[in-house]
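Report on one structure; see the data block that follows.
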Amino acid sequence: MSKSTIDLKQLSIQSSFPNSQKRYVTGSRSDIRVPFREISQHPTVTDSGEAENEPILVYDSSGPYTDESYEVNIEKGLPAIRKSWILERGDCEKYEGRDVRPEDNGFTKDDDPRAAREVFPRTSSHKPLRAKKGANVTQMHYAKKGIVTPEMEFVAIRENVSPEFVRDELARGRAILPSNINHPESEPMIIGRNFHVKINANIGNSAVSSSIAEEVEKMTWATRWGADTIMDLSTGKNIHTTREWIIRNSPVPVGTVPIYQALEKVNGVAEDLTWEVYRDTLIEQAEQGVDYFTIHAGVLLRYIPLTAKRVTGIVSRGGSIMAQWCLYHHKENFLYTHFEEICEIMKTYDIAFSLGDGLRPGSIADANDEAQFAELETLGELTKIAWEHDVQVMVEGPGHVPMHQIKENMDKQLDICQEAPFYTLGPLTTDIAPGYDHITSAIGAAMIGWYGTAMLCYVTPKEHLGLPNKDDVREGVITYKIAAHAADLAKGHPGAQKRDDALSKARFEFRWRDQFNLSLDPERAMEFHDETLPAEGAKTAHFCSMCGPKFCSMRISQDIRTYAKEQGLDTEEAIEKGLEEKADEFKQAGGNLYR
């Protein structure tokens, strides 16, 4: 067994958060077990004794990796929690599937010395699933027929809404539930503007960096910190093998950009791409269990000249690949001309479209231009076609957009794409901060999330500079969890403020450990506190190093409340009386300003 296989066995799978426990809420059947993270709190200490603080239940996308009772074995993969739900519907079948070929991993022969040896250990009897002839297995199809699936009930419990509300949003196309029937390990989640704003984390190897072990660990790391979906954007060798390990161990939906792998199969020469190579790649990834595909079918031949005067041209990798193909052959984009056939594949496995914005602006100078909005019109057209097949759709958006132009993007998308979920990369609100683009983009992400975007694609500090490592992934996920939560608060999402209120109360009561534990990144919060006040006693002190004991505003506020209670006054009366006492004290001292 190779060294890299040993590395895979020894991956650093993360434990649970401090003072937290995994809790499961059971649905109408015993196999619907919806995970949450329960954060325990310490009691409030008062003069009259202790008052209990209720634990806070929060949304949890980390899968069983943070369940201390679960024994991790990534060579086995996660439990197939949806398998029985899928099979009992009776509308799918097992079949032989396609054989894995050397070109699937970017090689010309099986014995290439660069080929990964750690093929995921599937049993010899494993066969992929597909819809039976004439059947449609999409969650949208079931929703339109009035069927509430176990997946829909699972999501309803997660979101604290009714199953019927979930079904209705899916039927209308205002939400998607990405759930390939060949990814039964995934815990159902929903993407739509009437639900929690979700975030996606991009991972994937490249031709110059990263390994399978690192990408699997990055996936578990990203979901630990709160990624709701993962996109595997691998562009180097061993793409198929890397993706298999990720999907089998991913508790969240996995998306891809199939054109990247198709390009590898033709040795990186865009003009050599064909519909046949691309179609084969779609089926390959569908059989593995990819839940949504980014497909750049809106990059039409007539739109390409509209980018000629841009500052940054076409910045989407997929968009530039298709533009090059169109110009070389002077033909229409084959993803557009074969879109109906793609829909047939999507509904055979229940894969959602993520209609790619191949002409998104790559600089604020290019924001909201003719090319961007021309493509959006085509994406609206394609959305309607997909819905005719009952295929789930979300639409991708920019990009680089200054703050005053963000709302126009959201309004146009809702109108043109008939309220299909919007999935945006940021947008970045300024171009002057390489190394800090997780911040420049989070500003735009919070705004567009408030206006109605359903999912935000994270940006890490390495954006435009290099491939993110584990620390960058953590930074990007946390930054985008902040943006998504801020949007939930602004939209008035039920229950969104409960965690904020609990943390604020803990802060006012100087329950330092509860402050840390209720935060999005408990480790970082405690680390910063302990840089200046590391002693254990500082965890109960009524001040921090920012103001010190004499100038802590919250301690002073508490003193005012204590004074009011002792004097039998309310807080405003206590302040007034205190001011009067100080005035009398000033007069009795002679009324001199300086003494």
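Glycine is treated like the rest: Cβ placed from N, Cα and C.
Annotation comment: Swiss-Prot describes 97-120 as compositional bias 'Basic and acidic residues'.
Residues 1-2, 4-5, 8, 75-77, 86, 91, 181-182, 212, 236-242, 244-245, 248, 261, 264-265, 280, 283-284, 286-288, 347-349 of the same chain lie 6+ residues outside the region 'Disordered' (97-134) yet bring a C-beta within less than 8 angstroms of a C-beta in it. What Swiss-Prot lists as region 'Disordered' is 97-134.
The compositional bias 'Basic residues' annotation in Swiss-Prot covers 124-133.
Look at Swiss-Prot and you will find N202, M231, Y260, H296, S316, R317, G318, D357, G358, L359, R360, E396, Y423 tagged as substrate binding site. In sequence order, H296, G298, V299, I314, S316, G318, G319, S320, M322, A323, E375 make up the list of same-chain residues 6 or more apart from G358 (substrate binding site) whose Cβ falls under 8 Å from its Cβ.
For H400 (Zn(2+) binding site), other Cβ atoms within 10 Å of its Cβ number 26. Summarising the annotation, Swiss-Prot assigns Zn(2+) binding site to H400, H464 and lists sequence analysis as the type of evidence.
The feature [4Fe-4S] cluster binding site is assigned by Swiss-Prot to C544, C547, C552, with sequence analysis given as support.
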Can you tell me how spread out the substrate site is, meaning the largest CA to CA distance among N202, M231, Y260, H296, S316, R317, G318, D357, G358, L359, R360, E396, Y423, in Å?
20
Rounded to the nearest Å - Cα separation of H400 (Zn(2+) binding site) and N202 (substrate binding site):
18
For H464 (Zn(2+) binding site), what is the secondary structure by DSSP, using just helix, strand and coil?
coil
How big is the gap, in Å, between the Cα of N202 (substrate binding site) and that of H464 (Zn(2+) binding site), rounded to a whole number?
14
For H400 (Zn(2+) binding site): DSSP state (helix, strand, coil):
strand
